[in-house]
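Under the heading domain 'AAA+ ATPase', TrEMBL lists 23-194. Marked as ATP binding site by TrEMBL: Gly31, Lys32, Gly33, Gly34, Val35, Gly36, Lys37, Ser38. What TrEMBL lists as [4Fe-4S] cluster binding site is Cys204, Cys207.
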Amino acid sequence: MAEAAGAPEAEVAELRARLRAVRHKVLVLSGKGGVGKSTFSALLAHGLAADETKQVALLDIDICGPSIPKMMGLEGEQVHQSGSGWSPVYVEENLGVMSVGFLLSSPDDAVIWRGPKKNGLIKQFLRDVDWGEVDYLIVDTPPGTSDEHLSIVQYLSATHIDGAVIVTTPQEVSLQDVRKEINFCRKVKLPIIGVVENMSGFVCPKCKNESQIFPPTTGGAEKMCQNMNVSLLGKVPLDPEIGKSCDRGQSFLAEAPESPATLSYRNIIQRIQEYCEQHHLQEEKIM
Ligand SMILES: Nc1ncnc2c1ncn2[C@@H]1O[C@H](COP(=O)(O)OP(=O)(O)OP(=O)(O)O)[C@@H](O)[C@H]1O
Ligand code: SF4
């Protein structure tokens, strides 16, 4: 894993201490904006938290476009300070959320910050949020590979990151950026859990017939994953109800438990859990 380059030892020690009680850390990345990365992060958190024995945390570091508060039904919430740091906002007892959106006075406020200030905030989120004992920390990142990505990988590498899930759509323009994202992960030695192809076909709610709305011209994510030697975790079909549930701040997985998109989500979430458990066992063996 990349060293927390440039971070003073005291800072690294603070981060380590704070994140010691976080068992698994998963970054959600995308090459392009608008492919459904935040939706995926929100539903991954909901899906993991459906198991009431698991404590789940969702951190939104999409500093310029934080959409997690709305998707989690937490719009208008503010960050509270407690004796031991910033308190997450809880959707359920076992699902806590922290987002830059909680620091804005209105959801329409624009955040225009330069690199150092963004990095400072990311560090503060990692060091000052009192998550408590957590099984899974899901981090929703901005699209592309920017300063924020480097910062979070550097800071989190002070402990360990299980890996990254990369969300894409089937079109070549989106896949091109995923290849860059994969190369970024390899450069910074961030393990890749796998790729999710979102908006992959449309299942008609009446006849269940599947149509390709964005027909892949070069084999889609499946071919790209083979070529780049990464796992395809699954394909999530287009379902307009996903957007409606998110806009209401509800979990689509709970609202439409039998839909093809939910079934696909469940499979993907299970694969991520299996990966994390295996990764943890391997780390324990090495230590
Ligand atoms: N499988 C899906 N079917 C239908 N709509 C979807 C699906 N996944 C996501 N969406 C919708 O697509 C839009 C973009 O999703 P989202 O905001 O999650 O993208 P994003 O990649 O996080 O974008 P950005 O990085 O720019 O914030 C939203 O309106 C969301 O409801
Ligand atoms: S797929 Fe078939 S049932 Fe569904 S809308 Fe189209 S024609 Fe109608």
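Just so it is clear, glycine is given a Cβ too, placed from its N, Cα and C backbone atoms.
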Densest Cβ neighbourhood among Gly31, Gly33, Gly34, Gly36 (binding-site residues), 10 Å radius: Gly31
Non-site residues, in chain order, whose CB comes within 8 A of the mean position of the CB atoms of Gly31, Lys32, Gly33, Gly34, Val35, Gly36, Lys37, Ser38 at ATP: Ser30, Pro143, Val167, Thr168, Thr169, Ser174
Close-lying binding-site residues around ligand 1 among Gly33, Val35, Cys204, where CB distance stays under 6 Å: Gly33, Val35
Which same-chain residues, if any, lie at least 6 apart from Lys32 (ATP binding site) yet have Cβ under 8 Å of it: Pro143, Gly144, Thr168, Thr169, Val173, Ser174, Asp177
Between Cys204 ([4Fe-4S] cluster binding site) and Val35 (ATP binding site): CA-CA distance (Å): 21
Inter-residue C-alpha distance, Ser38 (ATP binding site) and Cys204 ([4Fe-4S] cluster binding site) (nearest angstrom): 24
Integer mean pLDDT for the domain 'AAA+ ATPase' (23-194): 88
Ser38 (ATP binding site) in three-state DSSP notation: helix
Distance-selected binding-site residues near ligand 2 (C-beta under 6 Å), from Gly31, Cys204, Cys207: Cys204, Cys207
Candidate nearest Cys204 ([4Fe-4S] cluster binding site) in space, where candidates are the binding-site residues Gly31, Gly33, Gly34, Gly36, Lys37 and distance is Cα-Cα: Gly36
Neighbour count (Cβ, 10 Å) for Cys207 ([4Fe-4S] cluster binding site): 7
